[in-house]
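Take a look at the structure set out below.
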Amino acid sequence: MSNYDGIDPIEYEKAEKKLVRKLDLLLLPIMLITYGLQYYDKNTLSTAILYGMLDDLHLTTTKNGVVYLTRYSTAAAAFYYGYIVAVLPMGLIFTRFPLAKTASLFVLIWGIICILTVTINSYHGFVIQRVFLGLAESAVSPAFVAITALWWKPQEQAKRIGIYYSSTGIFSMFTAIVNIGWGKTGGSHPWKSMYYFGGSFTIFWSFILFFLLPDSPLNLNKFGFKYFNEKDKFILKTRFDENPYGKSEQKIKISQLKEAILDIKTWIYYLMGASIYICNGSVTVFGAKIINSFGYNSIRSTALMIPGGAMTVITIYIFAYFADKYKNIRTILLPISTIPVIVGALTVWQAPWHPRVGPLIGYYLVAAFGAPYVLLLSLATANTAGATKKGFTTSAIFVGYVTGNIVSSYLVFAQEKPIKYRSTWIAVIVAMIFASCASLVLRYIYIKDNKKRDDLLASSPSPNHRHHHEDTLATSTSANDEEKTGELGGMTTMVDGGKYEDKTDKERQEFRYTY
């Protein structure tokens, strides 16, 4: 690490750690609540069908005495039709326009659309509303990946992504508690009270987001940030200047877009996102319905979703912790993180449903699918450079997320209740095995590319860059030492007086992939 204009390296290191803690305290609660509200909206749909929505909006059909949930599946999937149309453009929009202002605008639109759910009284109207809701909510995930890349270094990102993504579990518990209350006191149409609450709070939160979240580390005029001292500002600017990942308001580069499309890793990320989120139908979209099938009433089924949320939070924190602590184990951790999901799916499918404790435990284990998704996001974020390429690559993961959600919406068949929703659990198991294998393929690609770059460097070192291999910078290979050096997967480069150019990982010969 350099002296950074004469500041003592040890003093700088201590000040930087203190600054990162400040960033965590100021940014992560905002991100956690925003991401959680998105999940509250999704989880409310699952709960609402136990409180009159199916009948009020005509979301079921009956044929030969058998009730089919195809209409409900289509309404659930409609959200993702809107999402898939908008998520790629959103990823590029956030490379061009102010992050915080743009994100808060879309959160406001999403809240308005959410609260308008209560005005709908038909299946077709509900499907249309869900499409527009998906269009608006598609902004959140790309925005947060961009924010993560903008404020934190690559080796700091896995833990931060895990923290705000864990809100899916936290708000799953919160949703269940709140909706139990609305289920008991919400009048003749309790599901409408759930949407009134969710939409109103989201609208309110969009203004909080606007006033508290800065657009970039160079714009510190928001509450909390404007009190940073000069040393904090200097370190923050230094981190920003040296960041090859997260430049805000960059021009869209066609060359980077082409590179992202032709990069095999982009498509592997997409397929992994799709396979991991095939689990979502069993946990979120149909979660309450599946628990209800075990023999519980509506209120009890809603309450029993709470431990599933806790499982999501715990597993995300555990795997994010190890990914952050130990170097180059993310592609190994990801297959390990799928094991609870596979075991859970097998348990619900094969265990007796009486007593009901067996399938309940299995259902809670399936809720651990958030952990491999967080590891996937951290891999893609840390291993992609170039503003346009990063925007497209992360958006490709979210397109995969959407694909998995659409498929999962049609994988729970009411008529399969006597055989314990066999098709659902087979799909989950196959998807998790695929994600595990794909992670190992990524590991092979990363290691092979790193070796190729090392060989090239050894044969013809570039005079235009100042390389720092981690072995010359630290005597320890611990995660703490890695964070002290601030390196990018083992090597770092400084160009143009210490500032990074907007170049991709392939264009940077000094770039090393984290695996």
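Placement of Cβ uses the backbone N, Cα and C atoms for every residue, glycine included.
With helix defined as DSSP H, G or I and strand as E or B, the compositional bias 'Basic and acidic residues' (498-515) counts 0 helix, 1 strand, 17 coil. Positions annotated as compositional bias 'Basic and acidic residues' by TrEMBL: 498-515.
Residues or ranges marked as domain 'Major facilitator superfamily (MFS) profile' in TrEMBL: 27-453.
Residues annotated as region 'Disordered' in TrEMBL: 457-515.
Under the heading transmembrane segment, TrEMBL lists 23-40 (among others). Remote same-chain partners of the transmembrane segment (23-40), defined as residues 6 or more beyond its termini with a Cβ less than 8 Å from a stretch Cβ, comprise 103, 107, 110, 137, 140-141, 144, 147, 151-152, 160, 163-168, 170-172, 174-175, 198, 201-202, 205, 208-209, 212-213, 224-225, 284.
What TrEMBL lists as transmembrane segment is 72-93 (among others). Long-range Cβ contacts of the transmembrane segment (72-93) within its own chain (Cβ-Cβ under 8 Å, at least 6 residues beyond either end) map to 42, 45, 49, 54, 57, 59-60, 102, 123, 126-128, 130-139, 141-143, 146, 252, 281, 285, 388, 391-392, 394-396, 398-399, 402-403, 405-406, 409-410, 412.
Annotated transmembrane segment per TrEMBL: 105-126 (among others), in sequence order.
Feature annotation from TrEMBL assigns transmembrane segment to 132-151 (among others). Non-local neighbours of the transmembrane segment (132-151) in the same chain are 23, 27, 31, 34-35, 38, 41, 78-87, 90-91, 93-95, 99, 102-103, 106-107, 109-110, 113-114, 157, 160-161, 164, 213, 216-217, 240, 243, 245-248, 377, 381, 390-391, 394-395, 398, 401; each lies 6+ residues outside the stretch with a CB under 8 Å from one of its CB atoms.
Annotation source TrEMBL lists transmembrane segment at 163-182 (among others). When Cβ-Cβ distances below 8 Å are used as the criterion, the transmembrane segment (163-182) is approached by residues 24, 28, 31-33, 35-37, 39-40, 43-44, 47-48, 51, 144, 190-191, 193-194, 197, 284, 299, 302-303, 305-306, 308-314, 316-317, 320, 367, 370, 373-374, 377 of the same chain, each at least six residues removed from its ends.
Positions annotated as transmembrane segment by TrEMBL: 194-213 (among others). Beyond the ends of the transmembrane segment (194-213), by six or more residues, the same chain brings 26-27, 30, 33-34, 37, 40-41, 44, 47-48, 51, 99-101, 103-105, 107-108, 110-118, 147, 178-179, 182, 186, 222-224 to within a C-beta distance below 8 angstroms of the stretch.
Per TrEMBL, the feature transmembrane segment maps to 267-291 (among others).
Taken from TrEMBL, the feature transmembrane segment covers 303-323 (among others). Remote same-chain residues near the transmembrane segment (303-323) are listed as 43, 46-47, 158-159, 161-163, 165-166, 168-177, 180, 283, 287-288, 291, 296, 329-330, 333, 336-337, 340, 360, 363-365, 367-368, 370-372, 374-375, 378 (criterion: CB distance under 8 Å, separation of at least six residues from the stretch ends).
The feature transmembrane segment is assigned by TrEMBL to 332-349 (among others).
Residues annotated as transmembrane segment in TrEMBL: 361-380 (among others). Packing against the transmembrane segment (361-380) from elsewhere in the chain are residues 145, 157-158, 161-162, 165-166, 168-169, 172, 265, 269, 272-273, 276-277, 279-280, 282-283, 287, 290-291, 307-309, 311-312, 315-316, 318-320, 323, 330-331, 333-334, 337-338, 340-341, 343-349, 351, 393-394, 397, 401, 428, 432, 435, 439, 442, 514-515: each is 6 or more residues past its ends and has a CB under 8 Å from a CB in it.
Look at TrEMBL and you will find 392-413 (among others) tagged as transmembrane segment.
TrEMBL lists 425-446 (among others) with the feature transmembrane segment.
Long-range Cβ contacts of the transmembrane segment (392-413) within its own chain (Cβ-Cβ under 8 Å, at least 6 residues beyond either end) map to 69-70, 73-74, 76-77, 79-81, 83-84, 87-88, 90-92, 138, 141-142, 145-146, 256-257, 260-261, 263, 265-267, 269-282, 285-286, 289-290, 373, 376-377, 380-381, 384, 421, 423-424, 427, 431.
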